[in-house]
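Enquirer: OK, Swiss-Prot features for this one:
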BINDING   H29, C54, C57, H58  heme c 2 binding site
BINDING   C37, C40, H41, H97  heme c 1 binding site
BINDING   H79, C90, C93, H94  heme c 3 binding site
BINDING   H83, C104, C107, H108  heme c 4 binding site
SIGNAL    1-22  signal peptide
Amino acid sequence: MKMYKLMLGLVLAGLVSLSAQAIEQRDYHKEVIGKDCKSCHDQGVKNYPSDQACLQCHDVDELAEETARSEEDKWQNPHNNLHYGKELPCIECHGEHEAKKPICSNCHTFKYDKHKE
């Protein structure tokens, strides 16, 4: 019985520890920390946010301007690129609770030094 209680205690302690670590948030979203999860998770807390949720705070035209490159590399802009224009879903490159690589890196080798995972 003592062994059972010990094992149960260890399992419960592990679960509490995991749940505390499970919700990771990026520093650049400090202003939304503490708000209701539904402010971003507009399709339910178990689903990814829609682009409309991201666009409540972020403007795609401003992002495209901020990430613009020189003329010869202008289509290497993650927010206005040759393949998707400005239509690529935000979650393809960005994740709030876990790091993500830009979708471009699946085929291309150019880097985005300021990429926020």
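Even glycines carry a Cβ here, placed using N, Cα and C.
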Enquirer: So how many other Cβ atoms are close to C54 (heme c 2 binding site), meaning within 10 Å of its Cβ?
Expert: 18
Enquirer: Once the chains shown are all counted, how many other Cβ atoms turn up within 10 Å of the Cβ of C40 (heme c 1 binding site)?
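Expert: Result for C40 (heme c 1 binding site): 19 neighbouring Cβ atoms inside 10 Å.
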Enquirer: Can you name every residue in this chain, apart from C37, C40, H41, H97, with its Cβ inside 8 Å of the center of the Cβ atoms of the recorded heme c 1 site?
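Expert: Checked against the 8 Å cutoff, the neighbours are K38, S39, V45, P49, E96.
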Enquirer: Quick check for you: of the binding-site residues H29, C40, C54, C57, H58, C93, which have their Cα within 10 Å of the Cα of C104 (heme c 4 binding site)?
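Expert: Taking H29, C40, C54, C57, H58, C93 one by one, the ones whose Cα falls within 10 Å of C104 (heme c 4 binding site) are C93.
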Enquirer: Take the C-alpha atoms of H79 (heme c 3 binding site) and H97 (heme c 1 binding site) and report the distance between them in angstrom, rounded.
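Expert: Given the Cα positions, H79 (heme c 3 binding site) is 21 Å from H97 (heme c 1 binding site).
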Enquirer: Sequence gap of 6 or more, Cβ distance under 8 Å: name the residues on the same chain that satisfy this around H41 (heme c 1 binding site), in order along the sequence.
Expert: N47, Y48, P49, A53
Enquirer: Which residue among the binding-site residues C37, C90, C93, C107 has the fewest other Cβ atoms within 10 Å of its Cβ, if you could check?
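Expert: Among the binding-site residues C37, C90, C93, C107, the lowest count of other Cβ atoms within 10 Å belongs to C107.
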